[in-house]
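Per Swiss-Prot, signal peptide is recorded for 1-18. Taken from Swiss-Prot, the feature domain 'Chitin-binding type-1' applies to 19-60. According to Swiss-Prot, the feature disulfide bond maps to CYS21-CYS36, CYS30-CYS42, CYS35-CYS49, CYS54-CYS58, CYS162-CYS182, an assignment based on sequence analysis. Swiss-Prot lists 59-79 with the feature region 'Disordered'. Swiss-Prot lists GLU144 with the feature active site, proton donor.
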Amino acid sequence: EFTALSLLFSLLLLTASAEQCGKQAGGARCAAGLCCSNFGWCGNTNDYCGPGKCQSQCPSGPSPKPPTPGPGPSGGDIGSVISNSMFDQMLKHRNDNACQGKNNFYSYNAFINAARSFGGFGTTGDTTARKREIAAFFAQTSHETTGGWPTAPDGPYAWGYCFLREQGSPGDYCTPSGQWPCAPGRKYFGRGPIQISHNYNYGPCGRAIGVDLLNNPDLVATDPVISFKSAIWFWMTPQSPKPSCHDVIIGRWQPSAADRAANRLPGFGVITNIINGGLECGRGSDSRVQDRIGFYRRYCGI
């Protein structure tokens with residue numbers, strides 16, 4: 001089971017603000033000699049301390065190098081953490097006729113295949129820690145792809161992984177970039193479990209998984225393994241200047257004094273901040289935040 005302990009450990013942040021320091025946080029300073037980036041986050045890499053990227057507590061010399069984290073304890077295959085039957089129970093209505101993925105696009109085998117490409121995902125720490133990460137991952141991605149509604153059969157939190165593509169009439173999500181140039185006629189709206197969007201995410205994601213997603217972004221909505229890989233890549237990769245979702249949920253990320261003062265503590269809420277904090281956090285009660293928590297509660301109880 002995904003235990004109640006996992007839930008109590010992780011539901012620590014419901015209304016976090018999106019910044020830690022500087023003008024975005026009322027002049028707050030970073031602890032432990034960390035730099036305050038132009039975006040209001042504390043850290044010690046070039047994204048925080050580099051020329052033109054640091055607003056306060058900036059170094060006079062080269063940016064300090066971050067410490068190299070030691071490998072966390074791990075064990076077992078991802079299949080030992082989440083079984084096929086558990087996967088089906090969690091994503092109970094993903095193949096409903098009203099869902100884009102109704103022909104078993106989001107399959108258990110595709111998930112396992114993709115997950116095994118990312119060392120440490122769902123396999124770091126003890127059994128409770130591994131289950132906590134899987135519950136958090138599926139809760140966040142279920143919110144992004146939900147087809148549920150308040151009176152839906154089996155409740156709104158049984159309808160994750162319904163959609164493949166962003167709903168409505170999304171734009172092209174193209175930001176001019178020399179490193180990740182947009183391909184003619186291609187659009188980089190949300191696709192897949194995490195609804196990856198923007199060329200500056202499709203580009204590095206594709207490079208990491210060995211696929212040209214700048215020229216072929218719709219592979220995220222047509223190839224099940226690539227679709228899952230895009231979500232796990234986002235989960236495992238630091239979203240500068242924020243940490244990775246993975247590092248937060250396994251306890252590797254340590255909050256600064258400013259984080260603690262703003263109630264940004266290790267847990268599920270910080271992950272919401274990483275994924276969509278600019279729109280959902282620091283605004284009091286938000287139905288989207290509550291939806292993410294609702295999925296997490298359900299999965300922790302399975």
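Any Cβ shown, glycine's included, is placed from N, Cα and C.
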Spatial neighbours of CYS54 (disulfide bond) among the recorded positions CYS21, CYS36, GLU144, CYS162, CYS182 [C-alpha, 10 Å]: CYS36
Inter-residue C-alpha distance, CYS21 (disulfide bond) and CYS42 (disulfide bond) (nearest angstrom): 7
Position of peak Cβ density within 10 Å, selected from the disulfide-bonded residues CYS36, CYS49, CYS162: CYS36
Coarse DSSP state, helix versus strand versus coil, of CYS58 (disulfide bond): coil
Close disulfide-bonded residues near CYS35 (disulfide bond), where close means Cα within 10 Å, chosen from CYS42, CYS58, CYS182: CYS42, CYS58
Minimum Cα separation from CYS162 (disulfide bond), reported as the residue among recorded positions CYS42, CYS49, GLU144 that achieves it: GLU144
Separation of alpha carbons, CYS182 (disulfide bond) and the residue listed as 'active site, proton donor' (Å): 24
Distant-in-sequence Cβ neighbours of CYS182 (disulfide bond), under 8 Å, six or more positions away: ASP172, CYS174, THR175, PRO176, TYR188, ASN199, LEU214
Integer Å distance between the CA atoms belonging to CYS42 (disulfide bond) and CYS36 (disulfide bond): 5
For CYS54 (disulfide bond), the number of other Cβ atoms found within 10 Å of its own Cβ: 20
Spatial separation of CYS58 (disulfide bond) from CYS49 (disulfide bond) - C-alpha basis, Å: 6
Spatial neighbours of CYS58 (disulfide bond) that are distant in sequence (at least 6 apart) but have CB under 8 A: CYS35, CYS36, CYS49
Local backbone state of CYS21 (disulfide bond), from DSSP in three classes: coil
Assigned element (helix, strand, coil) containing the residue listed as 'active site, proton donor', judged by DSSP: helix
Reported mean pLDDT - the domain 'Chitin-binding type-1' (19-60): 72
